[in-house]
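**Q** One structure follows; several queries about it will come next.
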Amino acid sequence: MKRILARNAPGYLFLSPWLLGFFLLALGPILASLYLSFTRYDMVSDPRWIGWGNYEYMFTRDRRFWKALEVTFTYVAFAVPLRLAFALAVAMLLDKGLKTIGLYRAIFYLPSLLGASIAIAILWRELFSATGVVNQMLALVGIEGTDWITNPKTSIYTLVMLAVWQFGSPMLIFLAGLRGIPKDLYEAAEIDGTPRWRRFTRITLPLLAPVIFFNLVLQTIDAFKTFSSAFIISNGTGAPADSLLFFTVYLFNEAFKFFRMGYASALAWVLLIIIGVFTALAFLSSKYWVHYDNDRD
Amino acid sequence: MTTTATDLEKAMAFDEAARVAHELRVKQDQRNRRARYLKHLFLILVSVVMLYPLFWLVASSLKPETQIFGSLSLWPEEFHFDNYTRGWNALPISFTVFYMNSAIVTLLSVVGNLISCSFAAYAFARLQFTGRTIWFALMMMTLMIPYHVVLIPQYVQFLKLGWVDTYLPLVVPKFLASDAFFIFLMVQFFRQLPRELDEAAMIDGCSPFKIYWAIILPLSLPAMGTAAIFSLIWVWEDFLAPLIYLNDIKSYTVPLALRLFLDQEGESAYGQMFAMSVLSLVPVVIFFVAFQKLIVRGIATSGMK
């Protein structure tokens, strides 16, 4: 008994802050959130059990819930592939034939660090406003722009642009991945006269698959969680006409504006399940398109 | 020795081959150079597009109100520092207070993250104990959980504790290693350090804490630096948690203060809003420059390619 204690004590001692955090800040709240999602709770009176009531209302009667899903999925569907495509294209340009990539790398990465800030969200609002820079540039080539932010048809794409502007962090991960591809493969293919496109689809893509997979999972989860920029650009409400009603913005308003904590918890669980399903799908599908190095030798 | 005709022919053939090879190489070089120029041209173009919004922000912060939305130019006709001096005091409370608040929260959070995450990472990477793999798997799973899911119960809990409108809800979680990403980052780094170091130290009678403090930490400065920089930038820019927990304007952090400008938009204080926005980004840019160096050094010392 003493020996077991002596063997385990140091490990658990060092782990204790995290363990405490895990139970108090992660596991506990998740279970509490699950419980609350089956209640009506306004923080004034105690939570009242209403069974599946929240979920039933959500799926059958709540139009804004469906709108929030639509907005969020549209955003994910455009922002993630565009950002990854940009990141990969620029990473490939930087990877080959250039000696001084440090400065480019820094310039392309900087927006990823700044992009989450309120300052940039404010800037974005003004860039795409009716009298903003974007419209002035379009006017130079004779196109009359709209008020991109207050037009419900275009508002979501300003946020997609903001996401693409931050392609730097997946780019860095792609760069590291490209470094790992043996250069002699390309040389051999070039001598054989393999066209550039085939070199890309037959060498780069398959060998980079694990990195693409990693980036895809990470960026998708991140995109579903988008909050600050959408909150600032839509004045905290999801306006105009709910076209920026991101799932997280809707959840925030239900919880902290209307104090419908039970309903907001149900929304949180739906978000958790959506992210869980997407992560699981990525992992399940990965066996068909991601092959790790070790199955080669 | 006489030179036969065949020898001569051979020599000439070699000569010819060398000449052709040389020409091909020159042509290849030219083509490569042209491709390189094109690449640079394209990359410079992308750089300009990437940086233009940032430069526009800085330029606008230096322009008088009436000139901000009139022009695309990145060079103000006259430099107008009013926006900075007036913007600093434009809100009911001076930005000095907001910067102090942000500094306190950020500093405490970074310290908390470094201590608690390196503790956990040391346990996961270097110590033997039962249940290690299960805890590690659970830790990795918490990486996936959106903050919004734990937000509401956490808020209810902190409200009951009377912590709302203090910095405790922002800072205490960092001392409990709630940012699992940093644990993961440090585990990856700690695992690369040679095991013989621990073993030798253990034979010499060092305690696990001594090994952590005197061996693992000093060898992991690059990883600790990376974690510190990232956590600093993320906490500095954090909006959601302060938005929920801080109601009193005296306790506002910089991002919350910036948002107040938006509520006053009618008063057309764009220049001041941009000036304060620029200032809020300055620390991040400064640390980014330092972070660049740190990465390079980290790569050099750890021998990664």
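Each Cβ is built from the backbone N, Cα and C atoms, and glycine gets one as well.
Keep in mind the model is a prediction, meaning the values are calculated, not measured.
Below are the features I grabbed from TrEMBL:
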type: DOMAIN; residues: B:99-291; note: domain 'ABC transmembrane type-1'
type: TRANSMEM; residues: B:41-59; note: transmembrane segment
type: TRANSMEM; residues: B:98-122; note: transmembrane segment
type: TRANSMEM; residues: B:134-155; note: transmembrane segment
type: TRANSMEM; residues: B:167-190; note: transmembrane segment
type: TRANSMEM; residues: B:211-236; note: transmembrane segment
type: TRANSMEM; residues: B:269-291; note: transmembrane segment
**Q** Out of B:41-59, B:134-155, B:167-190, B:211-236, B:269-291, which stretch has the largest tally of CB pairs under 8 angstroms to the transmembrane segment (B:98-122)?
**A** B:167-190
**Q** Check the transmembrane segment (B:211-236) against each of B:41-59, B:134-155, B:167-190, B:269-291 and return whichever range has the most CB pairs under 8 Å.
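**A** The listed stretch sharing the most Cβ pairs with the transmembrane segment (B:211-236) is B:167-190.
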**Q** Given a Cβ distance threshold of under 8 angstroms, which distant residues of the chain, six or more beyond its ends, lie next to the transmembrane segment (B:269-291)?
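**A** Here the qualifying positions are 57-58, 60-65, 68-69, 80, 82-84, 86-88, 90, 95, 226, 229, 232-233, 236-237, 254-255, 257-258, 261-262.
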